[in-house]
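Chemist: Heads up, here are the entries from TrEMBL:
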- 23-319: domain 'DUS-like FMN-binding' (DOMAIN)
- PRO25, MET26, ALA27, GLN79, LYS148, HIS178, GLY233, ARG234: FMN binding site (BINDING)
- CYS109: active site, proton donor (ACT_SITE)
Amino acid sequence: MSAQSTPIHIHPLEALKKNPFVLAPMAGITDHAFRSFMRKLDASVVVTELVSATGIEYKSERTLALMSYEESQRPIGIQLFGEDPEIIAKAAKVAEEHGADFVDLNFGCPVPKVVKKGAGSAMMKDLDLMRKVLASTVKAVKIPVTIKIRTGWEQNSRNALDVCNLAYDEGITWVAIHGRTRAAGYAGLADWDFITDVKAKTKIPVLGNGDILTPQKAVSRLKDSGCDGVLIGRGALKNPLIFADALSLWKGQPLRDDLKRNYAGIFRDLSEAIKAQSSEHITQIQLKKFASWFSTGYPGASAFRKSIFQLKNNDEVLSCALEFFDSIGDIDQEDTSHEEFLMGGHG
Ligand SMILES: Cc1cc2nc3c(=O)[nH]c(=O)nc-3n(C[C@H](O)[C@H](O)[C@H](O)COP(=O)(O)O)c2cc1C
């Protein structure tokens, strides 16, 4: 854990001006290792996976471990979820003391265990409670507070604009909108027309999110929606160069040539980051998951996945992955956007 007494903060909005492409939080994925890896590959801002405010209150070791980061990850946000304004505010204070650059509140999680208690996306049905949460959290900390929402609870109650205006009144720094309702889960496509409309009608900075799978799409979504930034989640799991390439395209510059499309080298970097943070067992799970996601759309991907999941030894897993990624050379990744991919998550 690298909390320090006087962190040199980077304001997340300042970071967006130089690079508007943000790594979306994903539970079990955007952990310490993956965030460090993605910052090196040009994600501008990173956020932890969702952390329970109640878990922080009870000083649960597993919960506190989710807040681990290193300086190179700045600006780093710690994402909290909960339903009690005072407990969330206290947890935000802990996140601030821990050195986070900002606190992000999760109002997008559709998972029954979370919404049953009134947390996550359920808070979009109770804006009085949300106002209390925002007010108590902003009051408790000096660092910026951001929120992440869905378009609404369901199709006929899409109140993202009301939430944005409420957030503006309460001094929130930005609202990230995943362009689906809670009812939609991960089905269908994110509604970027809706996001564009909300952005045009509110004063608060808005980040759009949903189904950005290519660097070209990242730039066109940003420009067409007028958003202040975009969040990319699953797209980074199919293509870890999505941020680096989007940033180059956005700036009108040539693609980063230090990367040389060297997927084996890129995978080796990720494996080093994972090994440094995880037990042997977790390392193996993560290596297999990332290798199979990154292989999407390349020739031989499905045979590769089958063989890697049969291996039991970390060195074998790594060399199997490196051999596959070496074999890609400069073959282009096939467009697999029509295929279902990770259709569930906490936001
Ligand atoms: C496996 C998984 C885990 C997720 N965990 C979180 C989370 O902890 N917090 C959150 O706000 N959103 C979470 N999300 C939602 C993503 O941040 C994002 O809003 C969603 O995946 C849509 O963006 P994408 O199409 O770019 O992936 C998760 C999504 C997935 C697929």
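Cβ coordinates are placed from backbone N, Cα and C, and glycine is handled just like the others.
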Chemist: Max Cα-Cα distance in Å among PRO25, MET26, ALA27, GLN79, LYS148, HIS178, GLY233, ARG234, the residues listed as binding FMN?
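Modeler: Output for FMN binders PRO25, MET26, ALA27, GLN79, LYS148, HIS178, GLY233, ARG234: max Cα distance 18 Å.
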Chemist: At the Cα level, what's the spacing in Å between GLN79 (FMN binding site) and CYS109 (active site, proton donor), rounded?
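Modeler: With distance taken Cα to Cα, CYS109 (active site, proton donor) is 12 Å from GLN79 (FMN binding site).
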Chemist: With an 8 Å cut-off on Cβ-Cβ distance and a minimum sequence separation of at least 6, pull the same-chain contacts of PRO25 (FMN binding site), or say none.
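Modeler: The answer is VAL47, THR48, GLU49, LEU50, GLN79, ASP104, ASN106, LYS148, GLY233, HIS346, GLY347.
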Chemist: Given ARG234 (FMN binding site) and CYS109 (active site, proton donor), what distance in Å do their CA atoms have, once rounded to a whole number?
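Modeler: Approximately 16 Å lies between the Cα of ARG234 (FMN binding site) and that of CYS109 (active site, proton donor).
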Chemist: Would you say which of the recorded positions MET26, ALA27, CYS109 has the most Cβ atoms within 10 Å of its own Cβ?
Modeler: CYS109
Chemist: To which of the binding-site residues HIS178, ARG234 does the lowest count of other Cβ atoms within 10 Å belong?
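Modeler: ARG234, out of the binding-site residues HIS178, ARG234, has the fewest neighbouring Cβ atoms within 10 Å.
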Chemist: Return the average pLDDT for the domain 'DUS-like FMN-binding' (23-319) as a whole number.
Modeler: 96
Chemist: Expressed to the nearest Å, what is the distance separating ALA27 (FMN binding site) and the residue listed as 'active site, proton donor' at their Cα atoms?
Modeler: 11
Chemist: Here the binding-site residues are GLN79, LYS148, GLY233; which one has the lowest number of other Cβ atoms no more than 10 Å from its Cβ?
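Modeler: GLY233, out of the binding-site residues GLN79, LYS148, GLY233, has the fewest neighbouring Cβ atoms within 10 Å.
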Chemist: Can you grab the distance from HIS178 (FMN binding site) over to the residue listed as 'active site, proton donor'? Cα atoms, rounded to a whole Å.
Modeler: 10
Chemist: Give the distance between the Cα atoms of the residue listed as 'active site, proton donor' and MET26 (FMN binding site), rounded to the nearest whole Å.
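Modeler: If we compare the Cα positions of the residue listed as 'active site, proton donor' and MET26 (FMN binding site), the gap is 11 Å.
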